[in-house]
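Data first, discussion second: the structure below is written as C-alpha cells.
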Amino acid sequence: MTTLILKRLGLGLFTLWLVSVLVFAGTEILPGDVAGAILGQNATPESLAALRTQLGLDEPALMRYLGWLGGITHGDLGQSLANHRPVAELLWPRFWNTMALAAYAGVIAIPLAVSLGILAAARRGRFFDRFANIAALALVSLPEYFLGLLLILGLSVRTGWLPSLADTYEGMGLVDWFRATTLPMLVLVMVTMAQILRMTRTTVLGVMDQPYIETAFLKGLRNGRVVLRHATPNAAAPIVNVVSFNIAYLITGVVLVEAVFNYNGLGRFMVDAVSKRDLPMVQGAAIVFGAAYVLLNMIADIAAIALNPRLRHPRAKGA
Amino acid sequence: MMNLHSMTAISRRGVLAGGAALGLLGLSGRPLRAEATPTKGGVLKLGIGGGSTTDDFDIRKLTDWVPVNQAYMVMNGLVEIDADNTAQPELFESWEAAEGAVEWTFKVRQGITFHNGKTLTADDILYSLNLHRGDSGSAARSVAAAIKELVKLDETTVKITLESGNADLPYVLSDYHFLVVPEGFDDWMNPIGTGPFKLERMEPGVRARFTRNESYWKPGCANVDAVEVIVINDIAARTNALMSGQVHAINSVDFKTVDLLGRNPNIEIVKSAGGQHFTFLMDCTQAPFTDTNIRLAIKHAVDREQLLTTALRGYGQLGNDHPIPKTDRFFNAELPQRAYDPEKAKFYLKQAGLDSLSITLSASDAAFAGAVDAAAIFRTAAAGAGIDVTLKREPADGYWNDVWMKAPFCMSYWGGRPTADQMLTIAYESSSAQNDTHWKNARFDSLLKEARALLDEEKRREIYWELQQIIHDDGGAMIPMFGDYLDAVSKKVKGVTPHPMFNLMGARMAEKVWLDA
Amino acid sequence: MNRIPLTAWIGLFLIGLNLVLFLFGPLLAPFGQEEIVGAPFDGPMPGHWLGFDQNGRDMLSRLLYGAQMSIGVSLGAVVLSFSIGIPLGFFAAIRGGWVDLALSRLVDTVMSIPVLISALVVLQALGSSLPVLIVTIACLDSTRVFRLARLVAQGINVMEYAEVARLRGEGLWWMIRKEILPNALPPLVAEFGMRFCFTFLFVAGLSYLGLGVQPPFADWGGMVRDNQQGILYGLYAPLFPAAAIALVTIGVNLVVDWMLAGRTIVQGDNR
C-alpha cells in the first residue's frame, strides 16, 4: 500500500510538470501578443519592437520556459507585464480568498450533503427521498449565476439582510467577513450540495442492490442499520471521489460566482489577466489552479486506496 | 463580473485622452437639487467599473475609469474643466497668450503643499509635464508633442512655446494625464500629490481607501472624511451594490435598465451630455468607399432615430455625420439633420453606377457596449435601401489592433474632446495617426490650421461651421448618435452635478460632494 | 427496468418537447429573432404571450429560435466530444501500454486546468464564433468522455468473454464493435445525457461572461444574461429563458437517473 501511495505521489508530480508545459505552450500559441495588448491603439512598429525586447519576448520560447519553470520551483512566478509587480504578490492573497470561501462552503455543504444523501437512500421512495431528489435536481438544473441573482434579490435588494457584494479586505473583522461572504457561500453550498447528495444517494443505493446487503436484510436487520453499517462504508470510496471533485469545483470553478458577487478571488484574477493578455499572470493562475486540482485528485485517490480494502490488495490483473 | 472587453477599452481610452464638448444642455452647471453649504464628515463609497489588478497611479499610463478617478483624488491637474465646460485655473492660477497663440505664460498657484510637506513650484510642474514628452511611453505623448519648448521663467512662472498656434491650449492642458507630482517622484504605488485625499491603502483592481487631506487648498472641497473605492466591473453587480446600499454612487449605468433604476426613490440618475459618439467607419482608401456617392448612400441608409431609441434608450443625441456635439459652442446648428431616406440612398448608389451594394461590416462590442446590436439594427435599415450588409463579428481581443483602421467598414467610438479643434485634429486631419477613415481633404486641413491659431471667436465659428459641413458631406465616418454619460447616485450624496467630461462629475466626484448628515 | 416510472415519463416528455423545439422552433416563432416589435421589458400581452426582451423583441419568438441555437450548440459539442473521446478511450484501454499511458497523462493534464479557464483563454483569443465555440467545448469535454470510455472498456476487456474473444484471435476493431460497445452502451448513453446537461449550463455560463453564442442570435443562456437585471425590478423577462434551461436539464436528468438506477458507476466529475 505504501508503494501504491508513493507511486501515486510520483504520478502527481509528473502530471504537475506536464501541466506546466501545457500552460506555457498554451499561452504561447495564443494569437496576438502582449506588446500589442499593452500599447493598444498607440502601437507603432518601432514601439512594438522596443517593448518586445524590453519584455524579453524575442528570446526563444524554450529559454523562457526554462527560466519560468526555474522560478516556479522556488515560488517566483515572474512579474506582471503591465505593472511590473511580482505575480506571486498579486496572486496569493486572491488564492487565499478563494480557499477561504471554498472552505466556508465546503465545511457546510459536504457533511450536510453526505448525511442527507445517506438519509435519502435509507428512505428510498419515501417523502423525504422524493423531496430531496426534486430539490437537488432543481438546483443542478439552474445556472449558478441565476441562483446568485435570485439570492441577491431575495436576501439583499428586497430585504437588506445581507450585502450583495462579497466585499472583503485584509484586517476586516471575522463577523463582517462571514456576513460579506454568506451569499456566495449559499450559492456554492446549493450547487455542491445538490451534486454530492445525488451522487451519495445513487452510490449507496447501488451498494444496497448487492447480494450481501440482501443477506443482511434476510438476517432481519432494520433498514437504517443496513444503510449505515453495511452499505455506506462500501460506498465510501466513490463518495470521497465525488466530494473531491466538488472541492475542486469550489476552488477552480467559481469564476461565475465570483463575478456575480464581485468576490475577489483567483477566478476573477484569472479572467482579468486573460483579458489583459498578461501572460505571467495567466500562467501563474493556471499553474496554481492546476496544482490545486492535481493535489486534490491525489488526496482523493490515496484516500480511496486507504478506504477500500480491495484496492489495498489489488489483484494482479486488471485495473 | 469582470469586463472581458476592458482591455481594449482601456488601451483605447488611454490614447483618446478624453473630454467632451464645450457648453452644456440646459440643466447643467447647476446642482441637480437646491442644496445648502457642504457639511463635513462621513465615508463616501464609490462603486466604479473599469479597474484591473494592474492599476497604479502612473500618470503616464492612466487608462481606465478607476485609476483616473483615483488619480484625481490624490493629485491636481493644471487646468480644470468645470461643469459648464469652461477651462478654470487649477494648479495654473492664470495664463495669457501672445498674438498667434504660439507663446504662452502660466502662473503657478502659490502656497500649495504636497502630501509630504513639500511646497509646489514651477520645477514640479516642469517635471510632471516632461514625463509625457518625447519618447516617454505616455498615453498623452501625442498631445504633449504639440509643446515645442517648456521653460521656467522664475519659481512661479512657466512658459510654453507650441509647434504651431493653438488658442485652446488651456483646454489641451486639462487632459487627465497632466497631473502634478513632486519633482523626481516615481513611486507610483504610493502616490504623492496636492489633491484632496491621501492614499491610505490600495489593492489594485479590488479596492482602495483614501483619507482627507486636512490642508486641502480648494474651498468647499474634500468634504468627506474618507473615500472608499470598490472596483466593480460587472454592470449588474454594480447596480445591485447601489440598490442594496453598499455604495453611494456607480458609473456607466446600463442604458437598458436605466429607466427602471431611476424609479427607485432613493436613487438619482445623473445624465451628462457630452461629446462621446459612436461611429461606423468607412475607409476612404478602400473600395467601394473611395467613392463619395457610396459614402453618402451609407449615410442615408441608417435609421438614426431607431438606433438612438433602441441602443441608447434615448439617452443621447442624433448624430449628423460629424463629431461636434450640440453642446459645443462651435456646433453648426444650421446644418440640416440627415434622416433615414432609402430613396436618396438608392439615388446615390445610382450616381456611383450601382443598383445594389454588398458590403461587410466588422463589429465587436469592443467598439462600444451594444455595437453588435447597433450593427444588426443598421443591417435591417440598410436592406431597405438596397444595401446588403454582412455582419462580421470580430474578437473583442485585438479589435483595436487588427480591425480598427484596417477593415474597410467597421464600428468604433470616440470619447469626445473638450474643444472642437482637438476632436477634428485627432480624427480628421490628414496627418493624424488616428485619422481612422483615412480621409484626406486639403481644404479641410488648411482651414483647421487657420482656425486653431485664431483668437477671434466669430471668425473661428465660421470656419468650424464649414469644417463640419465638409465632414458631413464628404467624410468617411457615418455618425448616427452621441451617447450620454450615465451615473446613478444615492440621494444621500449632495452636491452632484452633471459634467460634460466623463462619468462621475468628470472623475472628480470625490473631491466635490458631501454626505447628508 | 420493465416499468418506466412516472419521473422518467416526465423526463422523456420534456426531452421530446425540446427535440420538437430544436427541430421546428424557428418555424413556430410568430416573429423574427431580430425583429423589434414592442417596448423593452414590456410584460405579456395578447399576441406576445411572454412579453418582450431588453430590446423590445418578442420573448416567445426568441425562446423558439434560441431552442435551436442552445440545444444545437450543446448537442453538437457533445456529439463531437463523444466521437473524439470514445474511440480514443477504447483504443487506450485495449492497446494498453505506452499508448494508454501517454493518452491518459495528456488527458489528466488537460483536465487539471479548469475547463472554464481553458475555454476563456481560447475563446478570448480566437473570438467566439459558433465553430470555435463548439470545437473548443468538444475538445475540453472529450477528456471526460475519454476517461469514462477507457474505464468502461477496461472493465469489459478483462471479463471472461473478452478474454475468450482475444484468444480466438479477434482484431481490435472486432473487439470494439462486438464486445465492448454493446456492453459499454448504457453507461455511455447515461453519460451522454449528463454531459449534455453540463455543456448546456456551461454554454449558458460562457454566455454570461459574454463569450458564448453571439448576438443577434438568440440563445437561452445569453438571454438570461441580457435580461438578468430585469429581475431586480420584478420583471418576468429573465424567468422564461431560465425556466427553459431548467426544463431541459431536468428532463435529461430524470431520464439519466432512471437509466442509471441500480448502477454503481459514479460520474461526479461534472464541471
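If you go along the chain as it appears here, the first residue is 1 and each next one adds 1.
Every residue gets a Cβ built from N, Cα and C, even glycine.
Residues or ranges marked as domain 'ABC transmembrane type-1' by TrEMBL: C:67-260.
Per TrEMBL, the feature transmembrane segment maps to C:6-29 (among others). Sequence-distant contacts of the transmembrane segment (C:6-29), counting only residues of its own chain at least 6 positions beyond either end whose CB sits under 8 Å from a CB of the stretch, comprise 58, 60-61, 64-68, 71-72, 75, 247-248, 250-255, 257-258.
Note on the transmembrane segment (C:69-93): residues 18, 21-22, 99-100, 103-104, 130, 133-135, 137-154, 157, 172, 176, 180-181, 188, 192, 195-196, 199-200, 203-204, 213, 217-221, 245, 248 of its chain, located 6 or more positions outside it, place their CB under 8 angstroms from a CB of the stretch. Per TrEMBL, transmembrane segment is recorded for C:69-93 (among others).
According to TrEMBL, the transmembrane segment annotation covers C:113-140 (among others).
Look at TrEMBL and you will find C:192-211 (among others) tagged as transmembrane segment.
Only residues 6 or more beyond the boundaries of the transmembrane segment (C:231-256), in the same chain, are considered here, and those with a CB under 8 A from a CB of the stretch are 7-8, 10-15, 17-18, 41, 43-44, 50-54, 59, 63, 66-67, 70-71, 190, 193-194, 196-197, 200-201, 204, 220-221, 223-224. Positions annotated as transmembrane segment by TrEMBL: C:231-256 (among others).
Long-range contacts of the transmembrane segment (C:113-140) within the same chain: residues 73, 76-78, 80-81, 84, 199, 202-203, 205-206, 209, 211-214, 271, each at least 6 residues beyond the stretch ends and with a Cβ under 8 Å from a Cβ of the stretch.
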